[in-house]
């Protein structure tokens, strides 16, 4: 009886050992199999993603740009692993205008708001430059530009009104010798003041009221000799150069 018990116990141990060995061997085989199939699984996953991407590209309209594979991979990449866009460098932000001219200062200000903004090179006369601008603008842009030009013109007209024409100042009339002597100032006893005609010439008959004498005169004021008298004197004309005494 004792021998049978010992043999039975040994047989049970042997069977248990075999089962444990088979279990360990089965786990090892399973691990090995999974490890071998891991590469195939990854390959199948990549192939499936590629096929999905190609199917998506076929569905896009012809005018749409194809989806970049790199961009698709970035969608599934964790945020911490993505490469953030570079911030604008300090050198680009602090770039000074090309010169101190108003044109360059305004260009610099506009390009700070939109670095992609460009400006045409206008080096012709005004009308040619405006035609060139019209050809490069859309209808809406040109209408907006025309509206701005109209407002600018009104501003300039209001800022610089047309100067009033200066009133013509009549030239000072030049006096003749007779007029100068007749209009000379001051009152002097016995002073002679000649009489002048409408042209400023001396009248044929001249008289000095203080002495009572009258005489005939040429139109330049030269006294005609022998004509001075206190009597009634008639100097009808100057053609003969002498007057007649009555």
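Backbone N, Cα and C atoms are what each Cβ position is placed from, and that goes for glycine too.
Predicted automatically and left uncurated, TrEMBL annotations should be read as such.
If you look up TrEMBL, you'll see 12-35 marked as transmembrane segment.
Note on the domain 'Thyroglobulin type-1' (175-235): DSSP counts are 6 helix, 15 strand, 40 coil. Feature annotation from TrEMBL assigns domain 'Thyroglobulin type-1' to 175-235.
The feature disulfide bond is assigned by TrEMBL to 178-196 (among others).
Taken from TrEMBL, the feature disulfide bond applies to 207-214 (among others).
Neighbour count (other Cβ atoms within 10 Å of the Cβ, all protein chains): 26 for residue 216 (disulfide bond). The disulfide bond annotation in TrEMBL covers 216-235 (among others).
Positions annotated as region 'Disordered' by TrEMBL: 227-246.
Here the C-alpha separation of residue 207 (disulfide bond) and residue 216 (disulfide bond) works out to 9 Å. Between the CA atoms of residue 214 (disulfide bond) and residue 178 (disulfide bond) there is a gap of 16 Å, rounded to the nearest whole number.
For the disulfide-bonded residues listed here (178, 207, 214), the lowest count of other CB atoms within 10 A around the CB belongs to 207. Of the recorded residues, residue 178 (disulfide bond) and residue 216 (disulfide bond) place their C-alpha atoms 15 Å from one another. Residue 216 (disulfide bond) sits 13 Å from residue 196 (disulfide bond), taking the CA atoms of both as reference points. Taking the C-alpha positions, the distance from residue 196 (disulfide bond) to residue 235 (disulfide bond) comes to 14 Å.
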